[in-house]
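According to TrEMBL, the features are:
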ACT_SITE  B:SER130  active site, nucleophile
ACT_SITE  B:ASP287  active site
ACT_SITE  B:HIS316  active site
DOMAIN    B:50-317  domain 'AB hydrolase-1'
Protein chains: 2
Amino acid sequence: MPPPTDFETYELGDLPLAGGVTLPDATLAYKTHGTLNTDGSNAVLFPTWFSAYHSDNEWALGEGKALDDYFVIMPNQLGNGLSSSPSNTPAPHGGADFPALSMRDQVTAQHRLVTEHFGLERLALVVGSSMGAGQTWQWAVSHPEMVERAAPIVGSPKTSEHNKVFLASLRAALITDQTFAGGRYDPDKPPVDGLRAFARVYAGWGFSQAFYWQQAYRNLGFSTLEEFLTGFWEAFFLDDRDPNNLLTMVEAWNNADVGQSPGFDGDTEAALRSIRCPVLDLPCRTDLYFPPEDEQHWSQFVPHGQVQVIPSIYGHFAGLGADPDAVAFIDRALRDLLRN
Amino acid sequence: MPPPTDFETYELGDLPLAGGVTLPDATLAYKTHGTLNTDGSNAVLFPTWFSAYHSDNEWALGEGKALDDYFVIMPNQLGNGLSSSPSNTPAPHGGADFPALSMRDQVTAQHRLVTEHFGLERLALVVGSSMGAGQTWQWAVSHPEMVERAAPIVGSPKTSEHNKVFLASLRAALITDQTFAGGRYDPDKPPVDGLRAFARVYAGWGFSQAFYWQQAYRNLGFSTLEEFLTGFWEAFFLDDRDPNNLLTMVEAWNNADVGQSPGFDGDTEAALRSIRCPVLDLPCRTDLYFPPEDEQHWSQFVPHGQVQVIPSIYGHFAGLGADPDAVAFIDRALRDLLRN
């Protein structure tokens, strides 16, 4: 599947990044759904997950769904290949020379989109899955004046050490392919073996033990394990994902921590205590890298924090639209959150 | 750490393997502890786990421990570098040409050691961790006339699909290193990047999320995550592990299934129903690739089967001696089993 082309692009110009580098001519690709009402009270921001596009969020939309009457803005995260990324940035910042990104950089770019371009002063909801949840947490900390509700799904305000080990294994699998050449590969001859290994590693983590035990990949249209590993996982990462893009996002994920926001000096708990809005944290019971225990821990510091555990065997992908029951569970949770 | 040298070698001569190949001049490296009593009633067989040596089982021994009065035979599994393996077998069966192994082959070789060399007619206990558990299960199915008790620890009678995905990710990480060259690398220039990636992938699976959350690697003598990843994981796999040996063991693990034993035609449940001895199955609550749910499932088919879940945050390594509390738990369980 080629990347989607149904998006608009906001020209950010110079984008100063938290790491110190200013990215010139930065762009943010986004798509909107629905209509903004006259008082601007129905805007929802829905950032993307790791290596996903805006289209990968659309499972949460549809007639009768919680977000149906909202104006939903789906910004593609920087680094995903549609917004400014290693793969589409010219020298001296392209490819292996692309600067490191953080969750704060994503929020900086998105804040400019929603304020400068859409003229919004508040967001009825920020919601996102996985790295989109990381961006959601960062929004709640960085812009308490704007965010009225936050719903991080299968993600965390701070990447745990175990999660970092998972990410280190993804990175190692990819860069072990000598074709990667420190990121200076020929774009026409990407490190295919490394991408395949990346997909294999991810396959073990993305869904749960119970998912595989029950062969629930059959529900996704694959009749054997081998078909699922190739038709789902390899297809996802080998079709059009750029390795430098992937590693840029891996690093941003790895370093995520709302405690690194200005004024908190690395104190994640203090950053969480500063959040004003209700936060409905939605981990999945069987998520292997964002386990619900972590979110139970972090949520205790959020003044209006609540955790609802998605009861699914789909693991992390329960939060990415793969499980119809989980989609319904999340939709009910968002509906309740938006009612208040 | 170089491999241990404190072992004896049993010359098997021709070893016909389940896959059809006969391995000539095969050898089985083993170590014994304790003294065989005159009626031969106190023999325990304790095979090794993936990439481990006999010395890696010695956590289960010691004064006052359940196995203290027993004659404990620790055979190194074929493929581990001490017994016949790709790394020590001459052409035409060495290196990348080493034949595929199965759990049955391990049992065939070990059965010859215990009957021909030690003249044993029965084993008071077969016990082993992880792949050693796989061999334990295979013993109980292949030699019900000999095995009086079996205690598989953090292992399974059949490798689950999720576990196969984990193994596929290990394999992919290693062979992505082009230096691996289909197994025809120069032994003096092994695929170091691939081994490092292998170690990184393993690190995420070997211990649990809670282990990393609590930074329990400090109990193992490592003060930071990075130290643990290099000082524990990379040291384990990069010091002296041969890549072809690792992949030979990965394949044997991948294909483990007692249902493939002669007479059962792939019917794992029937194979388990044929077991006569008490089987105490000891999975760990937080094991990420041999989850306790799988063992609860398989145990129901074993006539005298019982499951006791090790309550540890050490994940798979709780069954490999890494957690003193788990060692004590396992020791009590073995003591109770041996009492009957």
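Cβ atoms here come from the backbone N, Cα and C positions, even for glycine.
Remember, predicted model here, so these are calculated numbers, not experimental data.
Projection of TrEMBL feature records onto the structure.
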residue  : record                   : CB count, 10 Å
B:SER130 : active site, nucleophile : 25
B:ASP287 : active site              : 28
B:HIS316 : active site              : 28
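If you measure from the Cα atom of B:ASP287 (active site) to that of B:HIS316 (active site), you get 4 Å. When the alpha carbons of B:HIS316 (active site) and the residue listed as 'active site, nucleophile' are compared, the span between them is 8 angstrom.
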